[in-house]
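Chemist: Okay, here's the structure, questions in a sec.
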Amino acid sequence: MGGILKNPLALSPEQLAQQDPETLEEFRRQVYENTQKNAKLTSHKRNIPGLDNTKEEGEIIGTSSTFLPKDTLSLKHEQDMLAKMTPEERVQWNQRNLAENEITKKQFQDIHIDEPKTPYQGAVDPHGEYYRVDDDEDEDNSDKKPCQVANDDIDDLSLGEPEFEIKENKQPDFETNDENDEDSPEARHKKFEEMRKKHYDVRAIFNKKSREALKDEDEDEDDSTTKEP
């Protein structure tokens with residue numbers, strides 16, 4: 001027989017007369033079963049409260065990839081159901097997760113982690129207790145600041161007499177260039193011009209490079225002749 005979209009009333013009177021009552025009854029039963037299956041698939045996908053989400057033996061409920069669009073009546077029914085529910089009823093708790101958490105709490109309720117307290121040191125005050133002298137009975141140091149007391153202790157420290165006498169070198173470590181001091185600005189300028197001319201003398205540089213290259217070639221030839229048997 002036809003599917004759910006088949007409308008037996010659209011048949012002609014002659015066709016209806018040819019169909020027996022058992023065939024019409026079977027068609028209506030199939031339509032009803034298909035409607036129930038579609039309702040269960042939709043309720044399983046949307047998880048609508050108030051609908052029967054039970055799964056019968058041998059019946060396949062929609063998977064996660066199943067999606068059936070809702071009609072206007074289903075949406076209106078769902079909105080009416082949600083409007084009647086209280087905020088507490090709308091909340092859907094994960095009972096399985098709650099039960100697992102309770103079991104975990106019971107298993108680890110006697111376990112305690114003992115950790116030492118983290119040492120805390122506040123801001124250091126230069127005039128605080130960490131900078132005071134241990135000997136509070138010393139009246140001479142009572143009026144001095146802690147840094148002054150520490151400097152006095154260092155000054156009083158003596159390393160003793162040296163084993164060897166070190167002669168002081170009265171001569172300066174470097175020699176002053178008196179010539180540069182005595183030169184006049186004209187002489188310094190003339191010297192600068194000569195040095196610059198020597199630096200930018202291309203011919204002299206080329207001749208120097210040529211002599212160095214010839215010298216290197218001569219050394220290579222001498223090395224090769226000495227290595228021959």
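Glycine too: its Cβ is placed from the backbone N, Cα and C atoms.
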Chemist: Which of the listed residues, Ser74, Ser142, Ser158, has Swiss-Prot annotated as phosphoserine?
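Modeler: Record lookup in Swiss-Prot returns phosphoserine for Ser158.
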Chemist: Tally of helix, strand and coil residues over the compositional bias 'Basic and acidic residues' (107-117) according to DSSP?
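Modeler: Helix (H, G, I), strand (E, B), coil: 1 helix, 0 strand, 10 coil.
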Chemist: Taking the Cα atoms as reference points, how far is Ser158 (phosphoserine) from Ser184 (phosphoserine) in Å?
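Modeler: Given the Cα positions, Ser158 (phosphoserine) is 53 Å from Ser184 (phosphoserine).
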Chemist: Starting from each candidate's C-beta and looking 10 angstroms out, tell me which of the modified residues Thr118, Ser184 has the most other C-beta atoms.
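Modeler: Its Cβ has the most other Cβ atoms within 10 Å: Ser184.
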